[in-house]
Amino acid sequence: MSRAGNRGNTQARWLGTGLLGLFLLPMYLSLEVSVGKATTIYAINGSSILLPCTFSSCYGFENLYFKWSYNNSETSRILIDGIVKNDKSDPKVRVKDDDRITLEGSTKEKTNNISILLSDLEFSDTGRYTCFVRNPKEKDLNNSATIFLQVVDKLEKVDNTVTLIILAVVGGVIGLLVCILLLKKLITFILKKTREKKKECLVSSSGNDNTENGLPGSKAEEKPPTKV
């Protein structure tokens, strides 16, 4: 009985965990924040850089709060924050820490874009930039995404020689395989036709031999019609 009871308790715990996961999963999937595919971006000192950020919500949003924050090993601060009333209005900035920052995004037409433009870059701007979003309509559910900005003196040219060599080799191998397959099919087709011709020749030769030897079914066996 003890084993059966333990088995029942284990199944109940697993069932409870599964139900809890199914309950929490929509919450984690409903509000998403993205800063693009690249986790690190590079920009030249003195130039401008667009820090991308978009959000999405399955349940819509009202009075959505957003902010951009900056931090490195020495300091941390909020760069800009604001409110988006709904999907028909643009973001309204409340606080802006630096005049070099401009909100470039728009939330109209379901773009949900709260990207910022950082101008006149300095080497001290190197660090992590986090885009944070909180949606009161989803019981203040929040999410964030971080991108690392590296300010450099000049951008290094990427040497694609190795990549081009690899692509050329792979392309050559694929081309060779295709040629081999086509040649194999051609040889198979020629051999098949050759066998068919040989077979026809043998059948024809066999029929001629039967005719010459007067075998049954040959023309030599035929008799002229009897005259009455």
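Even glycines carry a Cβ here, placed using N, Cα and C.
The model shown is predicted, which means the values in this text are computed figures rather than measured ones.
Per Swiss-Prot, the feature compositional bias 'Polar residues' maps to 203-213.
As annotated by Swiss-Prot, compositional bias 'Basic and acidic residues' applies to 219-228.
Taken from Swiss-Prot, the feature domain 'Ig-like C2-type' covers 31-148, and the record attributes it to sequence analysis.
Taking a C-beta cut-off of under 8 angstroms and a sequence separation of 6 or more, Asn45 (N-linked glycosylation site) has the following same-chain neighbours: Leu121, Glu122, Phe123, Val151, Val152, Asp153. In the three-state DSSP reading, Asn45 (N-linked glycosylation site) counts as coil. What Swiss-Prot records for Asn45 (among others) is N-linked glycosylation site.
Summarising the environment of Asn71 (N-linked glycosylation site), the number of other Cβ atoms within 10 Å of its Cβ, over all protein chains shown, is 13. The N-linked glycosylation site feature in Swiss-Prot is assigned to Asn71 (among others).
Feature annotation from Swiss-Prot assigns N-linked glycosylation site to Asn113 (among others). Every protein chain considered, the tally of other Cβ atoms within 10 Å of the Cβ of Asn113 (N-linked glycosylation site) stands at 18.
Following the DSSP three-state reduction, the secondary structure of Asn142 (N-linked glycosylation site) is strand. The N-linked glycosylation site annotation in Swiss-Prot covers Asn142 (among others).
If you look up Swiss-Prot, you'll see 199-228 marked as region 'Disordered'.
For 1-30, the entry in Swiss-Prot reads signal peptide.
Residues or ranges marked as topological domain 'Extracellular' by Swiss-Prot on the basis of sequence analysis: 31-161.
Taken from Swiss-Prot, the feature topological domain 'Cytoplasmic' covers 183-228.
Taking DSSP states H, G and I as helix and E and B as strand, the topological domain 'Extracellular' (31-161) has 10 helix, 66 strand, 55 coil.
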